[in-house]
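For reference, TrEMBL has these:
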- 45-168: domain 'CUB' (DOMAIN)
- 169-282: domain 'CUB' (DOMAIN)
- 299-409: domain 'CUB' (DOMAIN)
- 409-527: domain 'CUB' (DOMAIN)
- 528-639: domain 'CUB' (DOMAIN)
Amino acid sequence: LGVTLNESTRQKDVNSVFHDGLILIPGFRPFAFVFSSLGPHSTSCARSFTWELCRTCGGTLSGSGQIRSPYHPNPYPHSKTCEWVITQSPGQVVTFSFESFDIEGSSTCSFDYVELRDGTSVSSPLIGKYCGTQMPPAAQSTQRSMYVRFVTDSSVSNHGFTAQYAAIMEQTFTNPTGQLTSPNYPNNYPVYRECIYRIIVSVNRQIMLNFTDFALEPTYPSCLYDYVEIRDGGYETSPLTSRYCGTTTPPIIMSHSNRLWIKFRSDMTSTYRGFMAHWDGTLTGTVGPSELGSGDLCCGGTLTTSSGSFTSPNYPLPYHPNSECYWILQASGGSQEELRFEVFHLESSTNCNYDFLEVSGHRASTLIGTFCGSSPPPPNTTTGRHLHVVFASDPSVSHPGFQMLWFQNGKRPSFEACGHLANGGSFNSPGFPNKYPDNKECIWHIQTAAQSSVQLTIHEFDIEPHPDCSYDVLEVYGGPDTSAPRLAQLCHPRPPDQPLQVSSTGNFMTIRFKTDEYVQGKGFNASCGGVFTAPAGELHSPNFPSPYPPNVDCSWVLNVDRGHRVLLTFNEFEIENHNACNYDYLVYDGPDANAPLLGKLCGLNMPAAITATQSTMYIRFRSDSSFNHKGFSTAAMSLELHSRSFDI
C-alpha cells in the first residue's frame, strides 16, 4: 500500500494526507512514512515521489468508506494481520460488501483470509471467513459494530481486496398518518447511504403512500445507483411493488396490508435533493368490483402479466377481519389461466360461510368453487381469458391466509416439495446435482438448542449470477423466519474447493432459495451443525435413533469454560464400516478441522472416550449415498463441571 504524488497534485490534497510525519488515510491507522525519490527519469512514473507505509493496517471506523488490503492493487505483504472495527451510531447496523477479491485460496481458508464478525472483537460471532478469487456475499451486522480481520501467511501473495462499508438507518413509523424524507432533505442526500423505513398501521387498515417531491440520480431503466424500493408488506422479502429513481414522481402506492417496507439507497457518486413522501394509514381496505382497474387499489386488482402471485391481506401474518378483496386475471388473447395455491389456511366451516375464497370463470357468475379450511383448492384452468377471485373474512377468527400463483399457457413452476424443519444435517436445492427447476421457492428452518448457534456450510454452489441477485438467489437469515436480519445473499457460483460458512448469533436460522423462470444452474448442497457452549450435553446423529439420511455432512463445535477440557463419551455407535473410515466420524482437538485429529471412527464397535487437551472440540460426521445405520449418541462434558443437557 503506497501513496504516490505527482506535480499536478494540489497542496491541500497533500496536507490532507500528510500531517506531522504521519500518513492519514481513511480506513487506516496513522502511519509513519519514509521518503524516497524515484528520480526524474524513473521508468515507473515521471517526476513522482513514493512514501512507503511502515506500520500495520487497520483502525476504528464509522460512517461509510472503503478499506483495502495493504499495497492494493499490488500483492499484499507476507505475515500481516490487519484489524478494523466499524462502529455506527445507535440505531444503525453495518453493511459490508467486497468490490474486488483475490486472496490465496485453500479449502479451509487457513493460509490467507478475510474474516467478518458480528461485534467488536475476534471473539464475536463469525459472519464469514473468505479466501480465493470468488467474490464473497454482502454482509450485515445485527448490531452497531462489525469486526474485520485480514490475515496473511509467509508464502503466496495475491492482489488482495477492496470493500465498502456503510451504515443502515432503520426507522419504524406506527402513526396512522405522517411523512418521511431522505437524509438531509431538502438538501442533497449523502453518498453511500442506505435507509430502511417501515410503516405499520392498525390491523384492517391499508396504507396510501404519496411522494410530493422526488429527485434522485437518474439511471433508467434499472435504477442501479440511487433508488427508492417499495415492498408490499413489512419485510425485505415482501412482494416488490417497484423501484424508482430519476426526477419523475412515483405514482401513488396502495398497500395490500397494514405494512409497507421502503428502502432508500445512494451510491458513492452523484447526489440529488432526495424525496418527501406522506402516508395515510386510515383506509379500511374494502374494495368493490366497481373500483377495480382504478389503479389505486387497497386489496385486489386487475392482473395482466403472464405469471405472478398474490396473497391474502397481511400474509404471512393472520389476515384482517372483515376483509373483502377482488382480483381479475386477464390473459392475453386466446391464452388460458391456471391457478396454484402454495399456501392455503382459512377458517373452516361446513359451507364456507365465515371466511372463504371464491373462484369464478370468465364471467363472475360462472362459479368454479368456494373454498375454506386448510385444504388448498385443486388446480383450475379457465376456458376463457378472464378469472375472478374473491376473498372475504368475517369479524372473528383469522388464519395465516393464502399465497396464490397464476400462469398462462401451462408456463408454471415446478411444485415438488422442498424445505423442511431441521436440527442438523444436510440439504440441497431441488434436483441437485441436476439443474434446479424454474419458478421455485424453498425455505428451510433450522433450530438448535438454547445457548448454541447454527453453523451453515455451503459446499457446492452454482446458480444463475446477477449483480444484485435479482434472478436466482440463496438467502440466509439469522432467526426463525425471513423477517430476521439477513446474514448472507448469494448468487455467484463458487468452486467446490472453496466452501462458504455462515454462522448465526442465536439458535435459529432460516434459509430461502428462490429461482426465476429462465436460466437454471446445478444448485447447491449444504450442511448444518451447531456451536455449543455449555458445561455438558448430548449430541445425536440426524434422525437418531432412526437411520441417518444419505449424504449427510454435519459439524459441531463444543466449548466449555476456559481452563477445562472437553470429554466425549459414546452411548451408542453404529456407522457404516470401511477399512479407511471414508464415511466416518471425525474428532479434532480444537475449534475446526485444522486442529490435531483425535479420532477417526466408523463401524459397529463402541469407541473409547476421547479427551481434548483444551476447552474446544470439533466434530464432523459424514455419510455416503448407500448404506445407512442407526448412527450415534454421545455425551460431552467438562471434566470439572456438573452435567447439563442440550439436544440438537
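Cβ coordinates come from backbone N, Cα and C, glycine included.
TrEMBL entries are annotated by machine, without manual review.
Across the domain 'CUB' (169-282), DSSP assigns 0 helix, 55 strand, 59 coil.
With DSSP states grouped into helix (H, G, I), strand (E, B) and coil, the domain 'CUB' (45-168) comes out at 0 helix, 62 strand, 62 coil. Taken together, the residues of the domain 'CUB' (169-282) have an average pLDDT of 86.
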